[in-house]
Amino acid sequence: MGPWSRSLSALLLLLQVSSWLCQEPEPCHPGFDAESYTFTVPRRHLERGRVLGRVNFEDCTGRQRTAYFSLDTRFKVGTDGVITVKRPLRFHNPQIHFLVYAWDSTYRKFSTKVTLNTVGHHHRPLPHQASVSGIQAELLTFPNSSSGLRRRKRDWVIPPISCPENEKGPFPKNLVQIKSNKDKEGKVFYSITGQGADTPPVGVFIIERETGWLKVTEPLDRERIATYTLFSHAVSSNGNAVEDPMEILITVTDQNDNKPEFTQEVFKGSVMEGALPGTSVMEVTATDADDDVNTYNAAIAYTILSQDPELPDKNMFTINRNTGVISVVTTGLDRESFPTYTLVVQAADLQGEGLSTTATAVITVTDTNDNPPVFNPTTYKGQVPEDEANVVITTLKVTDADAPSTPAWEAVYTILNDNGGQFVVTTNPVNNDGILKTAKGLDFEAKQQYILHVAVTNVVPFEVSLTTSTATVTVDVLDVNEAPIFVPPEKRVEVSEDFGVGQEITSYTAWEPDTFMEQKITYRIWRDTANWLEINPDTGAISTRAELDREDVEHVKNSTYTALIIATDNGSPVATGTGTLLLILSDVNDNAPIPEPRTLFFCERNPKPQVINIIDADLPPNTSPFTAELTHGASANWTIQYNDPTQESIILKPKMALEVGDYKINLKLMDNQNKDQVTTLEVGVCDCEGVAGVCKKAQPIEAGLQIPAILGILGGILALLILILLLLLFLRRRAVVKEPLLPPEDDTRDNVYYYDEEGGGEEDQDFDLSQLHRGLDARPEVTRNDVAPTLMSVPRYLPRPANPVEIGNFIDENLKAADTDPTAPPYDSLLVFDYEGSGSEAASLSSLNSSESDKDQDYDYLNEWGNRFKKLADMYGGGEDD
């Protein structure tokens, strides 16, 4: 080969290498992973919700879920690609084909074909599952990294790694080895992350750091976690990532380690007696935690193991092997013979050849209306008083062979010949008896006896043609004394309110319904609140006993006066009927208009007008328009004007500025019929400005006496009376003439002197303190009869001291008070002493001699006896003989 040939070969090689180096990864193409999918189902009958398989669509956007659609409405495709059965499905052909559609991000439509194959139980193929046990593990390599934001090829998607559950070990066990192409360039270290690696459950999977062997460390449980998603990482010795993380999906394959479980221990159902074969009774349901998509480990089959009782046939019921629906298979169900059946049902997986469990199904045979109710007896009699409703006449007895308290047993009674609806039959829910009662009052005078025909049926119709039982009831009506009946019950009479007293208004009578009795009716008024009416007890004629008044708001409502009239017969017992008399009172012009309000207030400054409404108790035309006029000089200070066209109100305002005070305004009001009246308005002018509603009422102009002034005047009068009384007492005392205590000296000879005071003996230091009592305060009340007492001030006497040491001061002070006491003896009373000593030292009266000389008549010594004898000394001492 020449130099040119070698150069050309080198150039071609260089171009090939350059083309290989510049080649970009294959772009992502949207679409299904496969053009068709084939799924195998274990049986021709599929229940609702059965999972058939899964399709996968790649739309190159990274979305985890896709919207799928199928034209076959029997199947549903979820957003995760899982295909399920929408409703119970039965295969008529060995295969079913249908299309599944999906759309990419540009709304291009893609489709794939799905085929369902059914296989017989005897040659059922089990799905192939690649297990790592006993075979050489697969080698996984990292895909070539791409530059930029480009997706990897679809060929790089790692298929799921299958690992059986419940393996025995030994552990750890190799699953797969992960290799990086960069291990030729240097040392590469491997690690994994994700569920089962570094997130719970942690440590289920591990990877050898240098060799890349992915291992499982313990037995797996598919019922706990069915799929693990891991990410493998490759880094260089200096810690730099040499590969992009690679997703690894580990699927735990199922083992038949769970037996079916019934949703209930005891299932209860019911079926009517006489049900035909094929009638569904109930459904039992069991579940299995094993895989029901890829294996038969959860394919449950139902069977009936036993039936109790086995009569009238040991196979009265059958169960659907796939759905668990129990149905009647044989005729002869009779509630009266066998009311219940107990079935033991079994649920087994692997289509009935695997693990199994049992449950109980209790079937109750319900009653049908195949027995009619029958009267026993068929004839009845009863009595009822007339005019009484809801009265029990008699009780009807029936028997029914059907189940008690069921619609087929409950009786329904019908009266065949009660056209007037006068009777009713109700059913006693406890014993099914019929209770015949009156629906409304009966009239003895109209009919004395009723013969009723009553039929009985059930709540539900008869299942077969049966004869309806009937009974005959004879009802006798008893005559009672009925109350008289007013005709009409409510009588309306129009009368003028000025109807004369004592005149007859109307006649209101009642008739006696008891035509077979001769009775007398007496009338009287039961309610007459205004006491306006009186009635003739024999004829029922009603007349007035007082003047009527339509405007009496207490007794008249809407111009109507209501009175109650009663009529009483003389039967036994006495019966009374009631009638209502409505007197419609027509209006007369008997009320003059009046103002409202009658008390008003104005402000002194800038007063605002006040509106006065005109009220008339009469009715039109005896009311508005009204005429208003100020009288008795009120128009000098005030003015009025009408407030509305109908003249039903006026406006009052002052003509000029008025002084603060109270004013009386005479206002004359006249109605449309010239009925007038003068009313006095109380008007107050307040010390305010503007609206009078914000000011207080002014003080009255006239001076008046208030309570404090009255009390002051009374106090002054009382003080004046006391002063006059004291003055009179003082003048009376001045007018008293002093009379000598002793007769003149000429008449004193040979006479015995009488003294008012009898001394208590000589002074003695020995005295009894207990006799002092309370001092002079305890002196007796002895009143003089010869001299009228005068009103004088009394000196103050000290009370007896508790300390005996102070008794001397007590005596001295009270002696001084007694000396200055004008009421002291001898002018007021005789002194009374409780203790006068144990004897008298005075000489006998016979030793007293009459004095005959002037010396003996010397009374100057009386001046030495103190103040107590001063008056006596003044009268007898120092005097000259005339």
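In case you wondered, yes, glycine gets a Cβ from its N, Cα and C as well.
Every protein chain shown contributes to the tally, and the Cβ of D257 (Ca(2+) 1 binding site) ends up with 14 other Cβ atoms within 10 Å. According to Swiss-Prot, the Ca(2+) 1 binding site annotation covers D257.
The domain 'Cadherin 1' feature in Swiss-Prot is assigned to 155-262.
The domain 'Cadherin 3' annotation in Swiss-Prot covers 376-486.
Annotation comment: Swiss-Prot describes 594-697 as domain 'Cadherin 5'. In the predicted model, the domain 'Cadherin 5' (594-697) has a mean pLDDT of 83.
For S280 (O-linked glycosylation site), the count of additional Cβ atoms within 10 Å of its Cβ stands at 13 [all protein chains shown]. Feature annotation from Swiss-Prot assigns O-linked glycosylation site to S280 (among others).
When other Cβ atoms within 10 Å of the Cβ of T285 (O-linked glycosylation site) are tallied across all protein chains shown, the result is 17. Swiss-Prot lists T285 (among others) with the feature O-linked glycosylation site.
Annotation comment: Swiss-Prot describes T358 (among others) as O-linked glycosylation site. T358 (O-linked glycosylation site) carries a strand DSSP state (E or B).
The DSSP secondary structure for T470 (O-linked glycosylation site) is strand. Here Swiss-Prot flags T470 (among others) as O-linked glycosylation site, drawing on similarity to another entry.
With a cut-off of 8 Å between CB atoms and residues at least 6 apart in sequence, the same chain places T378, T379, Y380, I451, L452, H453, V454 near T472 (O-linked glycosylation site), listed in sequence order. Under the heading O-linked glycosylation site, Swiss-Prot lists T472 (among others).
Residues within less than 8 Å, Cβ to Cβ, of T509 (O-linked glycosylation site) and separated from it by at least 6 positions along the same chain comprise F486, V487, I521, Y523, T539, G540, A567. Positions annotated as O-linked glycosylation site by Swiss-Prot, on the basis of similarity to another entry: T509 (among others).
The O-linked glycosylation site feature in Swiss-Prot is assigned to T576 (among others); the stated evidence is similarity to another entry. Counting every protein chain shown, the number of other Cβ atoms lying within 10 Å of the Cβ of T576 (O-linked glycosylation site) is 15. Reduced to three states, the DSSP call for T576 (O-linked glycosylation site) is strand.
Summarising the annotation, Swiss-Prot assigns O-linked glycosylation site to T578 (among others). The number of other Cβ atoms within 10 Å of the Cβ belonging to T578 (O-linked glycosylation site), over all protein chains shown, comes to 16.
Long-range C-beta contacts of T580 (O-linked glycosylation site), restricted to its own chain and to partners at least six residues apart, with a cutoff below 8 Å, comprise P489, E490, K491, T562, A563, L564, I565. Swiss-Prot lists T580 (among others) with the feature O-linked glycosylation site, giving similarity to another entry as the kind of evidence.
Among the features that Swiss-Prot reports, phosphoserine is placed at S770 (among others), with the record citing similarity to another entry.
For S793 (among others), the entry in Swiss-Prot reads phosphoserine, with the evidence type similarity to another entry.
Marked as phosphoserine by Swiss-Prot on the basis of similarity to another entry: S838 (among others).
Looking only at other Cβ atoms within 10 Å, the busiest spot among the glycosylation sites T358, T470 turns out to be T358. For the domain 'Cadherin 1' (155-262), DSSP puts the residue distribution at 6 helix, 48 strand, 54 coil. Under DSSP, residues within the domain 'Cadherin 5' (594-697) fall into helix, strand and coil as 6 helix, 56 strand, 42 coil. Ranking the recorded positions D257, T358, T470, T576, T578 by Cα distance from S280 (O-linked glycosylation site) puts T358 first. The two recorded residues, T358 (O-linked glycosylation site) and T285 (O-linked glycosylation site), have Cα atoms 11 Å apart. DSSP classifies T285 (O-linked glycosylation site) as coil under the three-state reduction. Straight-line distance linking the Cα atoms of T576 (O-linked glycosylation site) and T470 (O-linked glycosylation site), rounded to a whole number, equals 42 Å. Among the recorded positions listed here, namely D257, T285, T470, T470 has its C-alpha nearest to that of T578 (O-linked glycosylation site). A straight line from the CA of T470 (O-linked glycosylation site) to the CA of D257 (Ca(2+) 1 binding site) spans 68 Å.
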